[in-house]
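Accompanying notes for the structure given below.
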């Protein structure tokens, strides 16, 4: 999960109450470990813009040293977090819920201890968390078939998304490894953009596992497991989209801090809130649209402006506290987006061997 706080995911959803306990990692009947929630007693997160907006005043200040370069997936640190676990903003729905914060903290700790190449432990989601998942599926079921792009709808059938259970990250990997070779890896919370984007270069998408607070199933102030699974994961199984998102990651390998900030905004306007042409219509492929009933309906209404993506131009600010998006950036196809971004990566000095569909995983 990139260190960007999502706006409200406006979903008309069912509520629910829950009793929280502590979590324990234990062996289940399956071959994968699972996480169980068992009993025990029980500073606002800072926005990414505040942390990584470049402050450099000279060219030498703005460059990234060789020691900072990320050269393999093993250099990508999923512990590079700007905010996670129980570190919730005061206006977060779970801020005054100690048990919820404790559960978030435990899930964060579990994510931080995960090692590349090892199975991801299952999380045993509570009945209230499952009810939240169910509510989101119910709301989106009427809009996604009409307004999601064809690649998303095709890939969605590959995953066991249904009411009654929250899918596990390791299940996602079983599908992704057999289709595009991608891997989902757990992360504790809001990940630093340099490390998050670099993970994409090596075909690794970092995902949270925590659920939004049950008191407001229609809203999450940051990406949660609902957003990650419904919004991001399905399209990672599409080769053309997978190449597009990997190209953003590849560009980051050659980027200095100022360019990382620019790429973060490119990511926002494509991977989070991008749309693609299908005939005389535009369809959603951005995860922030696909996982939000309200944003999806807003996109479909035609109320927002449509603009062509140009990664060479300064990108508008990322709107995450102003309600729905005022504009969406349009691609003619994922292949077109990959070509644009590959050209941008070349302008940063990325070696030709790492451009396009080159595998660096």
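Backbone N, Cα and C define each Cβ position, glycine as well.
Per Swiss-Prot, the feature Fe cation binding site maps to 227, 232, 272; the stated evidence is similarity to another entry. Sequence annotations record features per position, and here Swiss-Prot assigns compositional bias 'Low complexity' to 56-67. Summarising the annotation, Swiss-Prot assigns region 'Disordered' to 47-67. The feature transit peptide is assigned by Swiss-Prot to 1-55.
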I'd like the Cβ neighbour count for residue 227 (Fe cation binding site), meaning other Cβ atoms within 10 Å of its Cβ, all protein chains included.
24
CB within-chain contacts under 8 A for residue 232 (Fe cation binding site), separation at least 6:
205, 207, 271, 287
